[in-house]
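Everything on this sheet refers to the single structure shown next.
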Amino acid sequence: MQASQLHRGSHMAKRLCYQPLQEVDACYFSQFQSLGRQLYSNVGNQRAHFNFQDIGDQYCTLESSSGSHGYAAHNSTSTVTFSPNASPVSQQDSRSNPSDQHNSPDNTYGSSVSGSSITDDISDFRHKLLELETVMLGPDSDVIYSFDSIYQEGTDNPEMGTWGQVMDAAITKGNLKKILIACAKAVSDNDALMAQWLMDELRKMVSVCGEPMQRLGAYMLEGLVARLASSGSCIYKSLRCKEPARAELLSYMHLLYEVCPYFKFGYMSANGAIAEAMKDEDRVHIIDFQISQGAQWVTLIQAFAGRPGGPPHIRITGIDDPASAYARGGGLDIVGKRLSKLAKLFNVPFEFHSAAISGCDVQQKNLGIRRGEALAVNFAFMLHHMPDESVSTENHRDRLLRLVKGLSPKVVTLVEQESNTNTAAFFPRFIETLDYYNAMFESIDVTLPRQHKERINIEQHCLAREVVNILACEGAERVERHELLGKWRLRFDMAGFTPYPLSSLVNATIKTLLDNYSNRYRLEEREGALYLGWMNRDLVASCAWK
């Protein structure tokens, strides 16, 4: 790379940092806001201080069905689910769904009462527990709970003569994580009686105001209840709480964006790749396959505004399902007006093209391709919502990648959660979800107090529904289908893409961003991709292709 290019790239990388704007809609730029506490963002040599008004006092608590006669099935009036990137999963509402018996062999239960009940015979019961332990042993042995040892201790005590007392001893000596896993195994085995007994115990252990595992456990319990209650085409798969008002929902998403660096990391890394690829282009067309609020493009427009030689003409095509208007407070025209206002403020030539359409329905004619424009395509926290070959014969993940490759883009950016829940059967999917979201809940815990109502709200409205969707739903109704970056690499390779290395200058900028957060966050570069994690768990991966 020539010296002039290095200087230009360094200049743009520095401008990719988040900066406050005085004349643009404050509610829109969530990176400069904080809720319920004071957060700071560095701006040059000064510190900008922001406050945000408190959200209303109303927040939901979990009210799972209880009793010994099974769980009633309920339907929610919700019409939109939210991902941890604070973007709406617009394909779904909270209605019931049929089980997909072809794609999930362990989802073939037909009623809330299992055909195999627990006997009072201690010998049979011990055999049942040994079988449970044997199945659970393996790759997840670090979280396995030995019921046999509890049985031995229980039967040595002459006062413990029933299986219920034996299980009481198991609960007493166990921990929440292990009991959750035991309950998930019972649900996986269609053992409704055992599952319901464990659910009653779990309700005493979970709390939306407790430690991270207690809070996550409350939502995972909801997912287990929802899955167990499935009967035919009826499934109780949503949290039974009032849908938040539009302004409140935006506040929850803003707070989640502010307290966790995961989404800033994803947006900054993608923007850095785009800025690097377009540093010499006069006309730039960016296609964002899930534009949501459009906040990702704030810093990129600012960076282009300061580019040596002047900014290019920028055109953004924003794709988003029409149902996402709920979270925005209106259609895509709102995003276009806000970004246009920002571009005008920075004297950047700008156009906005809206495509209010689901990703599954996108065709080339929807993308507004023009000759003479350098093309960048952004897949940020979006592709995992597309059904693949395990769900649909159309395989929209690979279809979209082939479609984009045919457009000859200069760069394609991918940001996804580093989790493996797409084709996994229910029980290993439960283990993976427990591990992934426990790390995320722990990271939130270091930023917001446990009694903070806003924290409760963002976990319920931005994270819990995703957890419930992963655990309770199958087939097309399960839209949260994450894949590890290794699988995404294979998909991009098959579509004809080659890796586009991320700029080391942008990597350094992201490392600076992390200095404002807990030192338990870690950033690693492996095989041309960036991974952001919490302690020893990777949570978000970012890479670029051409």
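From the backbone N, Cα and C atoms, a Cβ is placed for every residue, glycine too.
The region 'Disordered' annotation in TrEMBL covers 75-116.
The region 'Leucine repeat I (LRI)' feature in TrEMBL is assigned to 174-234.
Helix first, then strand, then coil: DSSP counts for the region 'VHIID' (253-318) stand at 32 helix, 12 strand, 22 coil. Among the features that TrEMBL reports, region 'VHIID' is placed at 253-318.
Annotated region 'Leucine repeat II (LRII)' per TrEMBL: 334-366, in sequence order.
Computed over the region 'SAW' (472-546), the whole-number mean pLDDT of the model equals 93. Feature annotation from TrEMBL assigns region 'SAW' to 472-546.
Annotation comment: TrEMBL describes 284-288 as motif 'VHIID'.
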Secondary structure content of the region 'SAW' (472-546), with strand meaning DSSP E or B: 25 helix, 22 strand, 28 coil
Other parts of the chain folded back onto the motif 'VHIID' (284-288), taken as Cβ under 8 Å at six or more residues beyond its ends: 274, 278, 294, 296-297, 300, 304, 312-319, 367-370, 373-378, 380, 404
